[in-house]
Amino acid sequence: MILMPMASVVAVAEPKWVSVWGRFLWMALLSMALGSLLALLLPLGVVEEHCLAVLRGFHLLRSKLDRAQPVVPKCTSLCTELSVSSRDAGLLTVKTTASPAGKLEAKAALNQALEMKRQGKRGKAHKLFLHALKMDPGFVDALNEFGIFSEEDKDIIQADYLYTRALTISPFHEKALVNRDRTLPLVEEIDQRYFSVIDSKVKKVMSIPKGSSALRRVMEETYYHHIYHTVAIEGNTLTLSEIRHILETRYAVPGKSLEEQNEVIGMHAAMKYINTTLVSRIGSVTMDDMLEIHRRVLGYVDPVEAGRFRRTQVLVGHHIPPHPRDVEKQMQEFTQWLNSEDAMNLHPVEFAALAHYKLVYIHPFIDGNGRTSRLLMNLILMQAGYPPITIRKEQRSEYYHVLEVANEGDVRPFIRFIAKCTEVTLDTLLLATTEYSVALPEAQPNHSGFKETLPVRP
């Protein structure tokens, strides 16, 4: 959508300048301008209260201006707030075009944030930085200044993300370039240290005796939990106990969608195929392997489309995947990368995360792309000696957020998200196999009728 200058928007919205609405609008504009000027003349102790009044005034003005704007459809699940750190999770947005009023409000908020920062009122400044970026997510100066603010708070990863986002929008922004050059090596060191922590926990898991009954119990429970969460992320409403019932008895759950139950059976078939065929196989991962995984994932729901590339264009949130005629070529290139020396030299968690992202970016299938991508990710982890990980349904928003950020040009938050999931899985295994073990929810320690577990390789 092409945005007109504010004066143009106002003129189109109300050509009768003598109307009550027109007079009110210009009075509001004038009051905002005078109010901002007054802020410079007021004693410093009054600025904090004034900035809040200014923001309230902008909210009123924005509500009037928005009446002149075209109605924009609400974003899909992928167009949501972005989690960049635990402190500011869900407070920054991506892929949103600011209105003229929003940009004006963002500039006012940034100026007030810098003033609050100068006064040492960092809590107020923090909220104003976030407000500025909420109003205008592409405000490069606000991204850069918030990055500096985050650095001062020792949040190097968030600062580096903000500089990177600023440079994605404006590649030659001098201040962001200088700041990013400073934070990039620090962030790389932090990421490598985190990988080392994960590696040390993998070694502890590998030291658990192969015959450990506690390990077997938790892996069986993890199997059910993985199926439950991976289909729940896609909207499946079956409960964990219902999924256990389906897989253990092979009987349908009365009153529940047969399609949802077939999704569970398909996931079970795909995981069984991976466990018995691919995990221990020596050699490269082929395109046929991925097609076979997908054939099982979707085979009980849509056997016609299972195991074949899509033939229609799809839209995933803001992301437009490759045209159907380009899918096979991109999958060939993806397969070459999967088996390349560059990929093999990556840390296993980074390799698995990138493989997941690349496959879901291509979106080669009409349905089942997310489930297939997560299975491929776990295949790579297991081949490297790691346990399979679970992305829980409660993490759905964060999961989609970091995928959206990757689509915007920074895949590192997604890699860190997968690393976090890996660490949680390792901690669960270590906790469950200690003397004071804690079972997973709805676990049944004495259950032994289910044999197809996802193995932890010795």
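The backbone N, Cα and C atoms fix where each Cβ goes, and this holds for glycine too.
The topological domain 'Cytoplasmic' annotation in Swiss-Prot covers 1-23 and rests on similarity to another entry. For 45-458, the entry in Swiss-Prot reads topological domain 'Lumenal', with the evidence type similarity to another entry. The O-AMP-threonine annotation in Swiss-Prot covers Thr80, Thr183, and the record cites similarity to another entry as its basis. The repeat 'TPR 1' feature in Swiss-Prot is assigned to 106-139. Sequence annotations record features per position, and here Swiss-Prot assigns repeat 'TPR 2' to 140-173. Swiss-Prot lists 230-235 with the feature motif 'Inhibitory (S/T)XXXE(G/N) motif', giving similarity to another entry as the kind of evidence. Per Swiss-Prot, ATP binding site is recorded for Glu234, 316-319, 367-374, 399-400, Asn407. The site 'Important for autoinhibition of adenylyltransferase activity' feature in Swiss-Prot is assigned to Glu234; the stated evidence is similarity to another entry. Per Swiss-Prot, active site is recorded for His363.
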Q) In the repeat 'TPR 2' (140-173), how many residues does DSSP put in helix, strand and coil? A) 27 helix, 0 strand, 7 coil
Q: List the helix, strand and coil residue totals of the motif 'Inhibitory (S/T)XXXE(G/N) motif' (230-235) as derived from DSSP.
A: 3 helix, 0 strand, 3 coil
Q: Helix, strand, coil: count each for the residues of the repeat 'TPR 1' (106-139), based on DSSP.
A: 27 helix, 0 strand, 7 coil
Q) Quick one, of the binding-site residues Gly317, Gly368, Gly370, which Cβ has the fewest other Cβ within 10 Å? A) Gly317
Q: Take the C-alpha atoms of Gly368 (ATP binding site) and Thr183 (O-AMP-threonine) and report the distance between them in angstrom, rounded.
A: 38
Q. What's the CA to CA span in angstrom from Thr183 (O-AMP-threonine) over to Tyr400 (ATP binding site)?
A. 26
Q: Can you grab the distance from His363 (active site) over to His319 (ATP binding site)? Cα atoms, rounded to a whole Å.
A: 10
